[in-house]
Amino acid sequence: MTTQQKLLTTPQRLMSLDALRGFDMFLIAGAENMTRLSAEYTDWEFLKRIETEFHHPQWNGFTFFDLIFPLFMFLAGVSFTFSLNKRIERGEGLWTLHVHVFTRGCSLILLGAICNGLLSLEFDNVIYCSVLGRIGLGYMVGALLAMHIKNWAGRLVCCASILLGYWAVMTLIPVPGYGAGDLTPGHTLASYIDRMFMPGRLYATDRDPNGLLATIPSVVNVLAGIMTGDLIRKTDRSGYEKVGIMFLIGIVSWLIGQSWDSQFPINKNLWSSSFVMVTIGWSLMSLALFYLIIDVWKIRAWAFVFVVIGMNPLLIYVAQQFIAFRDIAHLLLHDEQSKLHPLFIEVIMFSMKWGILYYLYRKRIFWRV
């Protein structure tokens, strides 16, 4: 645990970053189930339409729900830019910075394994691939690359090489029993590598959406965030210029991803190159919107509920794995006959989570690894 002394309104923090990170976490900490239950209760068509976006496609395709994970990785890259410069200003050397990045990445990988059952000591039954593990590994590789490739041209070449290389590997290298270019569930090179080399068990019997090979292209999401952070930090551009650049690059990235879909389908499970470009596009446009409203126009009051979450996202993510919020909510709400009972349970659960985070926010206690 570390204590942060700076207020959110000081220049050291980018409030739109905290708010967007909190909004992203809110989507899986309460919004998903509350939207579904609200749609069921009201039977309103617009809520039903929104609710369909809170489901992953069976395989190929893209919904709003697919953006949550890559947006976290993108924002981790943006955050790294500000963190790196603070450490450099404190006089930390390159070796110390490397140790920090490596330690943070490995800590997230370990924490992900703990959330997936490592403490049970039933090592053959642990899912070692995890959401936190992918964030940790992607952050570590992306940060190290950015520390040694400091110009935009070099970073863009690096991103293109990763995405094109991944496309080639996934479509040209034959998989025993299935041949080359079979991108159906369980038949891909990524699935084969996970079956061959990952200890424990996979999330699905024959594949894992957070597996080894598919983590490589996620590095580009982090690098895109780092380059965006560099853009925001620039003092020679106005806020409106930065917003315009983010929107423009976001649209171009989205178009590239959509165009690539016919050759390498947009697929979250494979973290395909087209999926990376589409999610970078949406991530850029989302941050541009939050940055415009919060940091350029200074309209901030509405974002407070998300800022509280965004200052401690790791804590609430991990807490959900170990604290029985649902059981506590049922103890507090006894009227199980009401048609609204399931929705009230979700509201109480989210309120408890947010209340914990608000208490820690007031005490200036934020969990960092």
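Any Cβ shown, glycine's included, is placed from N, Cα and C.
Remember, predicted model here, so these are calculated numbers, not experimental data.
Noted in TrEMBL for the protein shown:
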TRANSMEM  67-85  transmembrane segment
TRANSMEM  97-119  transmembrane segment
TRANSMEM  125-145  transmembrane segment
TRANSMEM  152-173  transmembrane segment
TRANSMEM  211-231  transmembrane segment
TRANSMEM  243-260  transmembrane segment
TRANSMEM  272-294  transmembrane segment
TRANSMEM  301-323  transmembrane segment
TRANSMEM  343-361  transmembrane segment
Which residues, given as numbers and ranges, are at least 6 beyond the ends of the transmembrane segment (152-173) yet have a Cβ under 8 Å from it?
-> 145-146, 180-181, 183, 188-190, 213, 216-217, 219-220, 223-224, 226-227, 230, 263-264, 270, 272-273, 276-277
Out of 67-85, 97-119, 272-294, which stretch has the largest tally of CB pairs under 8 angstroms to the transmembrane segment (125-145)?
-> 97-119
At an 8 Å Cβ cut-off, counting only pairs 6 or more apart in sequence, do the transmembrane segment (67-85) and the transmembrane segment (211-231) clear the bar of 3 or more pairs?
-> yes
So what's near the transmembrane segment (343-361) in sequence-distant terms, Cβ-Cβ under 8 Å and 6+ beyond its ends?
-> 29-30, 33-34, 37-38, 41, 305, 308-309, 311-312, 315-316, 319-320, 325-326, 328-330, 332-333
Outside the transmembrane segment (272-294), six or more residues from its ends: residues with CB under 8 Å to it | 14-17, 19-20, 23, 62, 66-67, 70-71, 74-75, 78, 163-164, 166-167, 170, 217-218, 220-221, 224-225, 228, 232, 239-240, 242-243, 246-247, 249-258, 260-261, 263-266, 300, 303
